[in-house]
Amino acid sequence: MKKALLMILDGYGISSTTHGNAVKNAKTPHLDNLMNNNPTIMLQASGEAVGLPKNQIGNSEVGHLNIGAGRIIYTGLSLINKEIENKKFFTNQALLNAIDHAKKNNSKLHILGLVSNGGVHSHINHIYAIMELANQHNVPAILHIFGDGRDVPPTQLLADLDQLIKKAETTKTKIGTISGRFYAMDRDQRWDRIDLAYNNLLSNTGKSFADLKTYVKDSYQQNITDEFIVPAYNNNYKSDEITIQDNDSVVFANFRPDRARQLSHYVFGSNYYDHHPQLRRKNLYFVIMMQYEGINPSAICYPPKIEKNTLGEVLKNANKKQLRIAETEKYAHVTFFFDGGVEVEYQNEDKVLVPSRKDVKTYDLAPEMSAAAIVDQLLKVYTKYDLTVLNFANPDMVGHTGNYEATLKGLEALDHEIGRLLADAKKNNITVFFTADHGNAEEMIDENNQKVTKHTTNVVPFSITDPNVKFTKKEGILANVAPTILKYLEIQIPEEMDQEPLI
């Protein structure tokens, strides 16, 4: 009866560069031995290999989703891009409902969203697609522009305006208002900011412009960049032609929830916040791109998809015992995200949350983090489980501080704990599957000697501590991990896992 342990090192990528590479330069004899003396290949952990757009850096959420699901999980940006490309977007029921509501009530369709190609909260192409859809159905559309300046250069909006204005003309869309994201997309309950943006949408109070480009240029003259553009309305139209009125449809084009939630609460109402605007329009049909926590709109374009037969569910159905263990910083990743982005409790499953250090503000001050406590707890219990899933946070969380020396220390402290774990696993005949969710600690100083704190697009290792295993490929993707473990444990791979085992 084989038993396995899946050890995920968060932010542990592989790069041939030596400069600024904490992974390569740390003294980690146990990890080196693990990779050099056991079957090892590399896995792609970024971009299209994990359901993100090409060349987009990986992240912990997406990484664990793909590892646990055994299939590529398409999220936010790439999911909607794909739908626009294959034209399914134009038959999306939530959007068609908004169109129908506007037609039935002889009213307007308002499009709210961050107008930028940053791809973090929204994408300008998604907004264009909604404008096209309204035009196809002869529904009057009003665009309310939120300036970015954070996920793109601070004055990118001006460069995008020619194309935007042209697109508005061809789709017969009126540009109604403009506001910097500082106001329209606040997430810290600074309601005075939301008030300015919201009142501008409802009743055209405050500043106005006759020419949008001039207004943006004038803002720049006053050192007000896209993010901070003061809410203003287009005075070429009567107020009720461009403001949100009773019976209108409203589509919020942002797919990321955190900065769309407060304005959505103002527009449509929710129980999420105690603070409410003085006025809300009646009988709105309010559509959001993806689920925003606490907001119950009329419809969601892409509601959360329940992934069937993730690794955890397959083990449960096979009556296998499983353990999930991580410190606080990454606990959600080995549970919620690993299970397909849902909270589930399986029978024969235990979850151990090891507290992250609270006595330090940043982890470069305690780069060992809680690795020792994780191993202490693990060694007491893990032999009774068929599969243990474990996350060590050090390479990622210390890597994010940009402190190279501390990251070396963190990796070396972690290696010591991994040494203890590997020795015990060997003694108990437990096979260790070792991988990472994305890169980070291997690129900490760039060629200009500047600190690098972000994730990378580098590959991650995949090692198995069984000399009898032979990999069938030289390289794979994160979604190959789950089917590989199932094959090793001689458990049938479900059809939902469309990625093949690598052994």
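Backbone N, Cα and C atoms are what each Cβ position is placed from, and that goes for glycine too.
Here Swiss-Prot has ASP10, ASP437, HIS438 binding Mn(2+) 2, and the candidate from SER60, SER370, SER463 in that same listed site is SER60. Swiss-Prot lists ASP396, HIS400 as binding Mn(2+) 1, and of HIS416, HIS455 the one it places in that same site is HIS455.
Binding of substrate is annotated in Swiss-Prot for ARG150, ASP151, ARG181, ARG187, ARG256, PRO257, ASP258, ARG259, LYS330; the matching candidate from HIS121, HIS123, HIS126, HIS276 at the same site is HIS121. The closest partner of ASP151 (substrate binding site) among the binding-site residues, by CA position, is HIS455; the full candidate set was ASP10, HIS400, HIS455. Considering only the recorded positions SER60, ARG259, HIS455, the residue whose Cα is spatially closest to the Cα of ASP10 (Mn(2+) 2 binding site) is SER60. For HIS121 (substrate binding site), the number of other Cβ atoms no farther than 10 Å from its own Cβ, over all displayed protein chains, is 25.
Taken residue by residue with DSSP, SER60 (active site, phosphoserine intermediate) is part of a helix. Taken over all pairs of the listed substrate-binding residues (HIS121, ARG150, ASP151, ARG181, ARG187, ARG256, PRO257, ASP258, ARG259, LYS330), the Cα spread reaches a maximum of 29 Å, rounded to the nearest whole number. In this structure, the binding-site residues under consideration are HIS400, HIS438, HIS455, and the one with the smallest number of other Cβ atoms within 10 Å of its Cβ is HIS400.
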